[in-house]
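J.: Structure incoming, see below.
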Amino acid sequence: MRPIPALALTFSLVAMPALAQDARQIERMIEGRHGLMTLMAHELGKLGGMAKEETPYDAEVAGKAASNLSALASVISPELFPKGSAVGEAEDSEALPAIWEKPDDFAQKISGMEEAAAKMQAAAGTDLASLQGAMRDLGAACGSCHETYRQKD
């Protein structure tokens, strides 16, 4: 075997496990994002039902749901969106390439969502009107990020 092709073959065999590991790490990040969003949706469902007056307002339930939501929101960070995890690059991803094109704006939207979740935590157990106001702000914060950075279904 000639030296150059042998070297290329050796390099490719050595690099393949690293590439597979990177792909698995990206897959895990996407799974983690989906799990996190599912948990947030669960808590938002409780709060949204009360805000829309579809379920009776319960200060204790609202406070706990808002506390959980705020804790979950604090976990979201740009690090959960590594390069290579965009729609078309990774299976099951809904992350648009704009995340990596406008990283500062993306990080700012995450911070806005965290702030809105913290305000929800402070308001949810107070009364229905406070919950409803905080829900509008939280919905706007979530929507602004999803509108720009998430592929529509």
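FYI, residue positions are counted from 1 along the chain as it appears here.
Every residue, even glycine, has its Cβ placed from backbone N, Cα and C.
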J.: In Swiss-Prot, Cys142, Cys145, His146 are given as binding heme c, so which of Met37, Met50 is in that site too?
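T.: Candidate listed by Swiss-Prot for the same site: Met37.
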J.: On a count of neighbouring CB atoms within 10 A, which of the binding-site residues Met37, Cys142, Cys145 is highest?
T.: Cys142
J.: How many other Cβ atoms sit within 10 Å of the Cβ of His146 (heme c binding site)?
T.: 16
